[in-house]
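Feature annotations, reproduced from TrEMBL:
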{"type": "ACT_SITE", "residues": "Ser152", "note": "active site, nucleophile"}
{"type": "ACT_SITE", "residues": "Asp176", "note": "active site, charge relay system"}
{"type": "ACT_SITE", "residues": "His216", "note": "active site, charge relay system"}
{"type": "BINDING", "residues": "Arg190, Asp192, Asp195", "note": "Ca(2+) binding site"}
{"type": "DOMAIN", "residues": "32-209", "note": "domain 'Lipase'"}
Amino acid sequence: MILPKRNLKNKRPCLEFSQLSVKDSFRDLFIPKIETILMMYTRNNLNCAEPLFERNNSLNVNFNTQKKTVWLIHGYRLVGSVPSWLQNFLRILLNEEDMNVIVVDWSRGATTFIYNRAVKNTRKVAVSLSVHIKNLLKHGASLDNFHFIGVSLGAHISGFVGKIFHGQLGRITGLDPAGPRFSRKPPYSRLDYTDAKFVDVIHSDSNGMKFIKCNHQRAVHLFMASLETNCNFISFPCPSYKDYTASLCMDCDCFKEKSCPQLGYQANLFKDVLKERMEGRPLRTTVFLDTSGTYPFCTYYFVLSIIVPDKTMMDGSFSFKLLNQLGMIEEPRLYEKNKPVYKLQEIKILAQFYNDFVNISSIGLTYFQSSNLQCSTCTYKIRSLMLKSLTYPERPPLCRYNIVLKEREEVFLNPNTCTPKNT
């Protein structure tokens, strides 16, 4: 016989996440049930969930009303399995910050073969949560300290809770919000950016969608990676993914010393500067980035700025690679620009690397003339180039001046730290 886990301090059994199965999905076809269980974790009970409220309705002594409270809400559970990411997410959150974490277990309501039934249950769960929240407020908690993190249908539950409290929740993070039955619906029928003081959403989609491009169902793990690793998931505000891939949205200077917004847990640090940029417009920003294919999904963005004299270069393009002091070399993914060189005096090239180049020893630069204007004996002058890390904006940019290139001949340049007047 397996005995239930117990809290070593007060000897009472730990709350366990509902252990359901495909049998419960079948049972729901005939006897639908819905139940919401709140499982509270703090650093005092990291491995043993406790009820948020005691039987006499008093608040659990481990809950600190002055600290941040993260509400973690799962989504649709077709066959009732426990979310594979749950325990790791809890550990990472409590390792990051001394906070309260409340896992919302609504498995009875989410475990069903009838997806539309689970969709309808999201509003019922939100109403149930609002009752508990009002009780917390009576004990001195603050809506401003509440951060709801919802996955799939859980994202929309978070939005419905936010609507009940008129957008006064501190923050809502939606991780791959469910699309079916919600896409193209009006704001009152889904998660909306007005549901909290700060709402950030990560969509993972291989075709490029709002906020992020990556493989399906990666949003949860990306958010965890933003906490667990040193990766700066820099993202680029842009009207469309097409414009993003055309290098039209790489101006991070307007974000001052913070560079472009970061994806994940630290996204709220950019709340104020995003509001400044959106003055006079709806307070909603769409950003994009690309990730690597494996955990922790880090990539590193650089921008290469090239200044050419007027009419020195005809229609053409550049490629470049980086070499560090350890001899590692990498040719990056270059994002296409939509304007030919001859119309620009400054060319900016956005580049994505899979390795972080810290001690750069040289830049390999090649110029390609358009096919109908090739000239093997021609030389092309560059007034200056500057390489800047967008992922780590605190690193000083590197420069090189007065460069002469020949067509399709790679030149390795040893850059130096830029002088102030050139940055």
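Cβ coordinates come from backbone N, Cα and C, glycine included.
All annotation found in TrEMBL is predicted automatically rather than curated by experts.
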Averaged pLDDT, computed only over the residues in the domain 'Lipase' (32-209): 93
The one of Asp176, Asp192, Asp195 whose CB sees the fewest other CB atoms within 10 Å, among these recorded positions: Asp192
Residues that sit under 8 angstroms from Arg190 (Ca(2+) binding site) by C-beta distance, when 6+ apart in the chain: His156, Gly159, Pro177, Phe182
Asp176 (active site, charge relay system) versus recorded positions Ser152, Asp192, Asp195 - nearest by Cα: Ser152
Environment of Arg190, Asp192, Asp195, the listed Ca(2+) site - residues of the same chain whose CB lies within 8 A of the CB centroid: His156, Gly159, Gly162, Lys163, Pro187, Tyr188, Leu191, Tyr193, Thr194, Val199
Residue pair Asp192 (Ca(2+) binding site), Ser152 (active site, nucleophile) - Cα distance, angstrom, rounded: 14
Whole-number Å value for how far Ser152 (active site, nucleophile) lies from Asp195 (Ca(2+) binding site) (Cα to Cα): 16
CB contacts for Ser152 (active site, nucleophile) [other CB atoms within 10 A, all chains]: 24
